Amino acid sequence: MEESSAAKIQLLKEFKFEKILKDDTKSKIITLYGKIRNEVALLLLEKTAFDLNTIKLDQLATFLQDTKLVENNDVFHWFLSTNFQDCSTLPSVKSTLIWPASETHVRKYSSQKKRMVCETPEMYLKVTKPFIETQRGPQIQWVENILTHKAEAERIVVEDPDPLNGFIVIPDLKWDRQTMSALNLMAIVHATDIASIRDLKYKHIPLLENIRNKVLTEVPKQFSVDKNQLKMFVHYLPSYYHLHVHILHVDHETGDGSAVGRAILLDDVIDRLRNSPDGLENVNITFNIGEQHFLFQPLTNMNA
């Protein structure tokens, strides 16, 4: 394990920066484009949240170092400081390396404007569904690894092994597992024939209700959170095409991740299925899409 870990850390050291893809000052994440061993790599650097269990608030003079005054006005004083850092207890940066990175990864993590699209059933069948088929199989091997316990097995929070109505809940790697207001989990279904909400039909209501009920029961047992502090939703378009449900703390600030035009509440999906027994393949769905997305041009052309 140590040798494997050292080899992965070495990859980070071999990253050769070429350009900045995105600088998000709100989320404090910068996305860098570069190469590792002549293959495209993306490196996401994120400022970590303060761990109030580690910082000794009664010893701030030790925590805040090299402090300088920026400005003061009446009762207000602004300072800049470096802070004491320790990788085990007080890391300051979380890094995510994607290597080798595909063109899909590059497009996804690039800075881009978004547009609203109303996708009709015809547009879905002619444009979106064929695209989704290209994003299955090897493109989501990492999902298969989780479902078969080949990877991240020690991170599983909840599991129901039933092949039809079962799922696995794991923490999203964006969450530090310490800041409860930033709680971020993901329920991945065992069923392999549901790529997105477009594949959902009336018969899938027991699956969705099972996710909702077990999450609301089990997650509060493991984390300091009440069930009415959890919000569950799906994305359309999703970031990968194997049905999964996002589970976040209600106070979580997620940018556009849980915003109108991207997220659909799980309870709303269940209600829509009750009212549309034939499924969600035959309804209009309006969502936002980035201009770098492979589907942007064909969908907007049909929407014109």
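Placed from the backbone N, Cα and C atoms, the Cβ positions cover glycine too.
Summarising the annotation, Swiss-Prot assigns substrate binding site to Glu152, Lys174, His235, Tyr236, Leu237, Pro238, Ser239, Tyr240, Tyr241, His242, Leu243, His244, Val245, His246. In the structure as shown, the Cβ atom of Val245 (substrate binding site) sits within 10 Å of 21 other Cβ atoms.
Residues annotated as motif 'Histidine triad motif' in Swiss-Prot, with similarity to another entry given as evidence: 242-246. For the motif 'Histidine triad motif' (242-246), the residues of the chain that approach it from at least six positions outside its boundaries are 136, 140, 143, 167, 172, 184-189, 191-192, 194-197, 199-200, 208, 211, 215, 232-235, 257-258, 263, 266, judged by C-beta separation under 8 angstroms.
Taken from Swiss-Prot, the feature active site, nucleophile covers His244. Taking Cβ-Cβ distances under 8 Å and a sequence separation of 6 or more, the neighbours of His244 (active site, nucleophile) in its chain are Met186, Ala187, Ile188, Val189, Val234, Pro238.
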Cα-Cα distance, maximum over Glu152, Lys174, His235, Tyr236, Leu237, Pro238, Ser239, Tyr240, Tyr241, His242, Leu243, His244, Val245, His246, record's substrate binders, Å: 25
Counts by DSSP class (helix H/G/I, strand E/B, coil) across the motif 'Histidine triad motif' (242-246): 0 helix, 3 strand, 2 coil
